[in-house]
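Student: Structure provided below as structure tokens; questions to follow.
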Amino acid sequence: MILTIDVGNTRIKSAVFKYNTIIETAFFSNKNFQSEIENILNLNNKIKVLVVASVGKLEKEAFELFSNRVYVCFISRESTFPFQNNYATQSTLGIDRMVLSAGAVFQFPKKNRLIIDAGTCLTYDFVDENDVYQGGAISPGIRLRYEVMHNYTAKLPLLTLQEPQSLIGNTTNQSLHSGVVNGLTFEIEGYIEAVRGKNENFIIILTGGDANFLAKRLKNTIFANSNFLLESLNNLYQYQK
């Protein structure tokens, strides 16, 4: 059995794999990550491998304390990836974007792939049908958009995600919800159409914490999977061997 760990900007997500199938997932904070992982290992004593990717504050050393119980595989830019990297500044490319791109190559061979990760930030990554990573785009995610409008204005309230009642909001709160949710939806749809216009044999992969919410709003046919990064870590570990 394998335990994969995705250390994000705001939380940690994990998945336990048995025969390459997820049998359980969990979410927890950076503060109590050690006790949470120990609890998972205690409840699943057949776990032999811990696979980690981190864009958050926890680095490799934080997970080496588990090396007396399991083999720890820390995915980094020095790991082996199944694509050619054409990014101009490879040292700045987030490991989460690299892992997601690897997963797209593994699960959808010989296709042009656009991977959209809806988390703290919204990231777009494009890997072509020849397995060449070309780059993408980064913009604020849902929660960040709400927070920025509150933090950088004098009177706009801080709201949490809510489905807008209409396109044209008739209160300040509804205007904020419409701006965040509809604005982000239009952005994603527009980006998809721009990429589609230049590429055939095209698949869209939507993942991240807000994937399920956004999937219902998008007109395009997409493959939505909130566990895609965790699955990609499992596949990438197999690829290292």
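Placed from the backbone N, Cα and C atoms, the Cβ positions cover glycine too.
Computed from a predicted structure; not experimentally measured.
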Student: Return the residue out of Thr80, Thr89, Thr92, Thr120 that Swiss-Prot annotates for the same ATP site as Asp6, Val7, Gly8, Asn9, Thr10, Arg11, Ile12, Lys13.
Tutor: Thr120
Student: Using a 10 Å cut-off on Cβ-Cβ distances across all protein chains shown, tell me which of the binding-site residues (Thr10, Thr120, Thr172) has the largest neighbour count.
Tutor: Thr120
Student: Please report the Cα separation of Ile12 (ATP binding site) and Asp96 (substrate binding site) in Å, rounded to an integer.
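Tutor: Spelling it out, the Cα of Ile12 (ATP binding site) and the Cα of Asp96 (substrate binding site) are 13 Å apart.
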Student: Which residues in the same chain, at least 6 apart in sequence, have a Cβ under 8 Å from the Cβ of Asp6 (ATP binding site)?
Tutor: Ile12, Lys13, Ser14, Ala53, Asp96, Leu229, Leu230, Leu233
Student: Would you measure the largest Cα separation among Asp6, Val7, Gly8, Asn9, Thr10, Arg11, Ile12, Lys13, Thr120 for the ATP site and round it to whole Å?
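Tutor: The span, Cα to Cα at its widest, is 14 Å.
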